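According to TrEMBL, the features are:
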DOMAIN    19-193  domain 'GTP cyclohydrolase I'
BINDING   Cys87, His90, Cys158  Zn(2+) binding site
Amino acid sequence: MAYNKIETFDEKVTSGLVDHYKECLELLGEDSEREGLLKTPERIAKAMQFLTQGYQQDAREILNGARFTEAYSEMVIVKDIELYSMCEHHMLPFFGKAHVAYIPNGYITGLSKIARVVDVYARRLQVQERLTHQILDAIQESLMPEGVAVVIEAQHLCMMMRGVQKQNSLTTTSAFSGQFQDGTTRAEFMKLIGK
Ligand SMILES: [Zn+2]
């Protein structure tokens, strides 16, 4: 499966989803046969498969496939990684930025691989807290660095569009391992990502 797009959709999954989304439209009071909606169930079916393709991907495999021996032992930071995910409670999007750092212990990985790991876990039904920890765990277990730091800042459409309708609230989650549990190292990281 390609990283950025699904080339071929599983026909059985797609047709099952199409039937269900057609029924959803009817239950919501729409006429699923009207012109503008005719292809909508199929579009949703494909969009949903795209947005949940992370279930078919393995973050550890991505990291282990691009693990290089390197003596560099300073903090490596990838900041402002665009993030799009869906909350598992409402299946509505949440989106924002992830900032990831690690301190190598003999191994480094390609910087783009860190961004891919974020996508692998973001393209599933998620809660922001679990997403944060899954990214940390995958990097910690694959690269065995001296420490990993993950900070995610995101806006949740389920909060913005419904319920409390808080338009500007930003949810921040963080997870730290190893040397980042030390206050000084953590403070250095937070400063470098502008927090
Ligand atoms: Zn939600």
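Heads up, the Cβ atoms here are built off N, Cα and C, so glycines get one too.
In the three-state DSSP assignment, the secondary structure recorded for Cys87 (Zn(2+) binding site) is strand. Sitting within 8 Å of the Cβ centre of Cys87, His90, Cys158, and not among those site residues for Zn(2+), are the Cβ atoms of Met86, Glu88, His89, Met91, Leu92, Phe94, His156, Leu157, Met159. When Cβ atoms from all protein chains are considered, those within 10 Å of Cys158 (Zn(2+) binding site) total 16, not counting its own. Around the Cβ of His90 (Zn(2+) binding site), 16 further Cβ atoms fall within 10 Å across all displayed protein chains. Mean model confidence for the domain 'GTP cyclohydrolase I' (19-193) is a pLDDT of 96. Taking Cβ-Cβ distances under 8 Å and a sequence gap of 6 or more within the same chain, the neighbours of Cys87 (Zn(2+) binding site) are Pro93, Phe94, Leu125, Gln126, Val127, Gln128, His156, Cys158.
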